[in-house]
Amino acid sequence: MKARWRPLAAAVALALAGVAGCSAVPDPGPGAGSVEPADGEQTLTVYAAASLAGPISELLAQYASDHPEVAVAPAVLDGSATLVTQVAEGAAPDVIATANEATMAQLVEANLVAPPEIFATNTLVIAVPEGNPEGVTGLEDLTRIDTVLCAPEVPCGDAATTLLELAGVDLEPISVEQNVTAAAERVTSGATDAALVYATDVAAREDQLDAVVPDGAADVVNRYPIATLTSARAAGADFLELVQSADGAAVLAEHGFGTP
């Protein structure tokens with residue numbers, strides 16, 4: 001059986017393909033995720049998938065410490081599809097990291113980024129409240145309880161669609177969220193009984209959530225690409241080098257990400 005929300009994924013994908021057209025994504029506004037540099041000062045702005053909040057923020061802090069001459073903006077964190085749309089519509093970070101290759105491919109095709117590199121991997125788990133009060137053991141259990149999914153146009157939602165279809169589970173979520181952080185927070189807030197999110201999102205909330213690893217999860221792996229924009233300043237290439245270094249790999253591993 002098919003997950004019922006697959007048609008929405010196709011519709012949104014078509015909308016995103018017309019990156020020059022209208023979009024329901026809010027305008028980030030002038031200067032969003034940027035800093036005002038002093039005269040001659042270098043700057044660094046990074047857009048990253050919401051699931052990368054922990055490691056990217058940590059690596060930006062390390063970069064800022066090592067490069068006091070660079071004004072480092074806080075990371076802009078959101079669903080990959082949202083970030084890609086913002087860049088396609090004119091936002092100009094130095095670096096963008098998405099949670100799957102399909103979203104990054106849109107920027108590659110538009111010649112907005114340099115060739116991307118895969119730097120991390122992630123897999124889905126079922127997030128449940130600590131103690132697993134509903135006794136969830138697998139995907140089929142999600143059909144009898146309130147469950148939240150990521151929207152199908154974002155990487156965690158696309159992966160969830162694939163996983164559910166492979167398992168033959170027909171699931172009607174109570175809501176779909178535009179990024180994985182929002183989906184996980186629906187469980188921590190008590191608004192839902194479970195959510196399909198990344199393993200790293202449960203690990204980041206280990207005092208509130210437990211993870212149930214569903215059958216087939218290891219076969220649905222999200223590969224994370226990172227790239228500098230074609231308009232990037234020198235600091236962008238320097239930061240990308242840090243992410244791909246041994247230090248960067250160690251930080252990613254500490255947050256539960258796998259290696260490519």
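The backbone N, Cα and C atoms fix where each Cβ goes, glycine too.
Summarising the annotation, TrEMBL assigns signal peptide to 1-24.
There are 33 other Cβ atoms within 10 Å of the Cβ belonging to Val180 (molybdate binding site). Sequence annotations record features per position, and here TrEMBL assigns molybdate binding site to Ser51, Ser80, Val180, Tyr198.
The Cβ of Ser51 (molybdate binding site) lies under 8 Å from the Cβ of Ala99, Asn122, Cys156, Asn179, Val180, Thr181, Tyr198, Thr200, Asp201, each on the same chain and at least six residues away in sequence.
The residues near the molybdate site, meaning same-chain residues not in Ser51, Ser80, Val180, Tyr198 whose C-beta sits within 8 angstroms of the mean position of the site's C-beta atoms, are Ala49, Ala50, Leu52, Gly79, Ala99, Asn122, Cys150, Val154, Pro155, Cys156, Asn179, Thr181, Val197, Thr200, Asp201, Asn222, in sequence order.
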